[in-house]
C-alpha cells in the first residue's frame, strides 16, 4: 500500500490514535493487522480454486490458494507428490497499483495521503481478495514472425476484492510462471460487500458467451459482462443483468452455474443456483428470438439452519446442499413448459456416520462420490471436547450405472473418469469376477468400433481381476515386526557353521519372515509373481494358478494390441513428417520389424504404412547405439533395449526410443516410462512426448 517505512509509521499512528473509532477498527481488522499480537495467528487458507484439466505443464490442474493473511498464489504439481508455487499474484497486483498511483484509470481523481485512515482502508480493500474462480479453457490467436496465426490455449482467473473490483488475469497455457501472464484487467462490479464469485459460461448456436456472477453479503446477485479481447468465438453481454436485487440481508454463500438442455424449448440454457441463508435461489437463463429470458425463484423448506456448503453435478444438473446439523439435500431440476421446478430429498448422514456436524461437501467430477467434511456431533446433549475433522465418501451411483456411463462415455479417457473406475474396481475386488453383462457389452463395443479406449478399459478390468484373485498377505508390509525373527543356526541339528555363516543365515531368515508378514497395505500387483510360487497347501491351488496364468495371458495380449496401435500412430507421424531419408532418432526400422515379426498379426493398414516407410528409407536402417560402448541396440522388446555387451536401457513408450539418460518420466500409475523432450527434437516428436500413458490414460511425470 506504500513505502515500508511510511506504512510502519501509519500503523503505529493508527494503533495509538486517541479516536477509538480509528484505533479499535485498526486493531480488530485482520487485513490491516495480520500479526494481531494477542489475537489468534492468521494461519491456513481462506479459499482455494482448481483450474480446469490441461493447464499445467503435465496437462493437469493448477491450484489457486488464498491464505488467511490475504495472499493469493498459484501452485502446480510439477513432479509426483511435489507442489511448487509458480507465482504470487498479490505481489504482482500490488506492484501494478503502485505504478498506477492506486488509481484504476488515469481519469480518476488523485489519491489522498496514506496517513489518512480512509485512504489507508481504500488501498487495502482494493487488494484484499475475497474469492477467485477459473474460467474454462479458451482459444486465442497468436501472430507468428512470418505473419501466420496459430491458436494458443489460455485460461482466465477472476479475483474479487473487498471493494467490489474484479481483476481478470489471462494466462497462456501451459502456465509456467510469471512469463505466462498475458494481461490483467480490472473492472468495477458496483456491488457493495461482495461475498462470492462464479463464471457464467453459456453456449448458444455455437457461440460462446461469458460473464461473471457476483453475489453480495446483503443479498443482491448480478451478472457482469466480460470483454474477452482476442479470444476466438467468445461474446459477452451488452450490460449487467440483475438476477436478484432485494437487499434482504440474506448473504450469498455459494454460486454454481450449470449448463443444461431445455427439452421443451429445444435449446441450451444456463441454470444459476445460489445458497442464500437456509434457502436456494435459482435462476434459469436462456436466449430466444426475443432476447435473454430470465426466470428466478427460491427453494424453501430445505434446512432449518443456514446452508454451509453447496456443490453441483454438472453432468445431470443435480445440486447438493448441506447445513451444519449433518443434513444433506439433493435437488433434482425438472423442466416445465415455462421454467423448471426442483424435486428434493433428504440424505441423513447420521444414518451412515452417526451423529456428525458437516462443514463442507463436494461432488466428484463424474458424480460417483459425494465427499463430506465432518466432525463429531453432540453425544448425550454435550458437544465433543476435541474436534477431529474427517473426509467421508458417500457413493451416489451404483456399479451398474458407473459401468454404463464408462461404456457410453464421450470423454473416452479413463484418467478423467477415475471416480467411476473406482466404483468398478471396488465391485470386482469384492466379487472376484467381472460381471457377465459388462464383459459382453465391452466385447460388443470393441467389435463395433475398435476404439483403443475400450481396449484400455478391458485392460483395466483384467488387471483388477488379476489383483482380486491373488492371495492377500496377512499383515501390512510397511509395519515393523516387533517379534524377534532371528534363529540361532548353530542350535539346529546337523548344522555346523562359522560366525559369518550364522550372520548370513540369520539375515536370510529375517528377510524371509518379513516377506511372509506382508500385508494389506502392499500393492498387490507388486506381489503378483511371488503369490504364485508361495509354498503351502497345494489342494485347490493348481486351478487358481491356472486361472491367474490365463488372466496374465489375456493382459499381455491386450497390452500387445495397444502397443501395436500406438506403434502404427508413431510410424504415421514419421511418414508424415519426413520428406526424404533422414535419421529421425526414432528406431523406425526396428518398430517396423517388430510389428511384422508376428505372423499371426495381419493388419493391412500397418503393412501398407510399413511398405511406404521402407520405400522412403531406401534400405537404410539408422540403428540406435549404446551410449556406453557404441554397440548397436537391437529392437527386440518394446520395453527395453539390450546391447551385445549387456548394457540395458528402458524404452520410451511414447516414441520407442531408448532412454539413455539418468532422468526420465513415469506414468502416474507406474505403467510405463518416457523420456524428456530435448531442444533438438522436432515439434512433432515433442507433441508425441506430451501424450498420456497408452495403457491407463494417466499423465506422465
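Including glycine, each Cβ sits where the backbone N, Cα and C put it.
Caution: TrEMBL annotation is automatic and unverified by curators.
Per TrEMBL, the feature compositional bias 'Polar residues' maps to 507-516.
Under the heading domain 'Transcription factor IIIC 90kDa subunit N-terminal', TrEMBL lists 6-397.
Annotated domain 'DUF5921' per TrEMBL: 398-475, in sequence order.
Among the features that TrEMBL reports, domain 'Transcription factor IIIC putative zinc-finger' is placed at 618-668.
Taken from TrEMBL, the feature region 'Disordered' covers 488-543.
Taken residue by residue, the domain 'DUF5921' (398-475) breaks down under DSSP into 57 helix, 0 strand, 21 coil. This prediction places the mean pLDDT of the domain 'Transcription factor IIIC putative zinc-finger' (618-668) at 90.
In terms of DSSP helix, strand and coil, the domain 'Transcription factor IIIC putative zinc-finger' (618-668) has 0 helix, 15 strand, 36 coil.
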